[in-house]
Amino acid sequence: MLIEFTKMHGLGNDFMVIDLVTQRLDLTKDLVQLLGDRHLGIGFDQLLVVEPPMRPDVDFSYRIFNTDGTEVEQCGNGARCFARFVQARKLSFKQRLRVETASGIISLTTDHYGWVEVDMGKPKFEPSEIPFTPRATTKIQNAYHLDVNGTPVQLYVANMGNPHAVIKVDDVLDADVESLGRAIESHPAFPERVNVGFMQVMNQRHIRLRVYERGVGETQACGTGACAAVAIGIREGWLDEGEDVRAQLYGGSMVIKWQPGYSVMMTGPTAFVYEGVFSPDGLMAQAGIKPNPEI
């Protein structure tokens, strides 16, 4: 059995996208890990899965998996690619889609130039909504001072469908994204782990950002990370509310807009890279892995 897939990216954040509306595949953790291996499989930051809707008021179900095989709640760059993919596959001809994710329903609107606007919902800042358990931390206004390997690190938290910690830095190029990101990602204060953003405010409508993604590592871009960083920046008064804010990442720039009390709106480009097929049984057999139960 061969399964068709499409490789896409949003600002360098790369995805393998599979249509499970017209195809059948039992996704296991082992298979996701193999597919995500850039040497033995296809390779991606996240696997995006299009499934039939589970409820009548949405168009599709949208599932996201990291390379370690874990299913996650949300992916903003992936959402943009999801919208372009279902149109290219002729699964829908709607310009505006409602899709269900593990964290709730989001709306996707595609323009004639291939850019997609995503209604990411309202940001959440309460520790219980992240989730974040700051028992051993010091809080000054909205900032938390978290002990990381004996060193206090000032950070802010937000949930954009998935958990984010954001650190304001003077220069993102000097930020210790790899080691500090890894340490905070798995810190006991974040029971479900956390994505870690390093934000440099250039002016009130421009930030530079690097993100260490939970279960992946640093990526070229992170849509939910950009939304979290801009929402925090607006909440703290560093950025203009209700205006287009340019979030500049390694892979390129996207536009984030947030008026407190309303949804965060994210707009950015997508790109198709190639299409292909793979054999699930062949991959598993090559790796010497016996079939496992579904995720």
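Here the Cβ of each residue, glycine as well, is placed from N, Cα and C on the backbone.
For Asn66 (substrate binding site), the same-chain residues lying six or more positions away in sequence with a CB closer than 8 A to its CB are Gly36, Asp45, Gln46, Leu47, Val72, Glu213, Arg214, Gly215, Val216. Look at Swiss-Prot and you will find Asn13, Gln46, Asn66, Gly76, Asn77, Asn162, Asn195, Glu213, Arg214, Gly223, Thr224 tagged as substrate binding site.
The active site, proton donor annotation in Swiss-Prot covers Cys75 and rests on sequence analysis. In sequence order, Gln46, Leu48, Ile64, Asn162, Gly223, Thr224 constitute the residues six or more apart from Cys75 (active site, proton donor) in its chain with CB-CB distances below 8 Å.
A sphere of 10 angstroms centred on the C-beta of Cys222 (active site, proton acceptor) encloses 34 other C-beta atoms. The secondary structure of Cys222 (active site, proton acceptor), as reduced to three states from DSSP, is coil rather than helix or strand. The active site, proton acceptor annotation in Swiss-Prot covers Cys222, and the record cites sequence analysis as its basis.
The site 'Important for dimerization' annotation in Swiss-Prot covers Tyr274 and is backed by sequence analysis. Spatially close to Tyr274 (site 'Important for dimerization') yet at least six residues away along the chain are Thr6, Lys7, judged by Cβ distances under 8 angstroms.
For Asn77 (substrate binding site), the Cβ neighbour count at a 10 Å cut-off comes to 35, with all displayed protein chains included. If you take the Cα of Asn13 (substrate binding site) and the Cα of Cys222 (active site, proton acceptor), they are about 7 angstrom apart, rounded to a whole number. Comparing Asn77 (substrate binding site) with Cys222 (active site, proton acceptor), their Cα atoms are 6 Å apart once rounded. Taking Cβ-Cβ distances under 8 Å and a sequence gap of 6 or more within the same chain, the neighbours of Asn195 (substrate binding site) are Asn162, Pro163, His164, Ala165, Glu185, Val211, Tyr212, Glu213, Arg214, Cys222, Thr224, Gly225, Ala228. DSSP assigns Asn77 (substrate binding site) to a helix.
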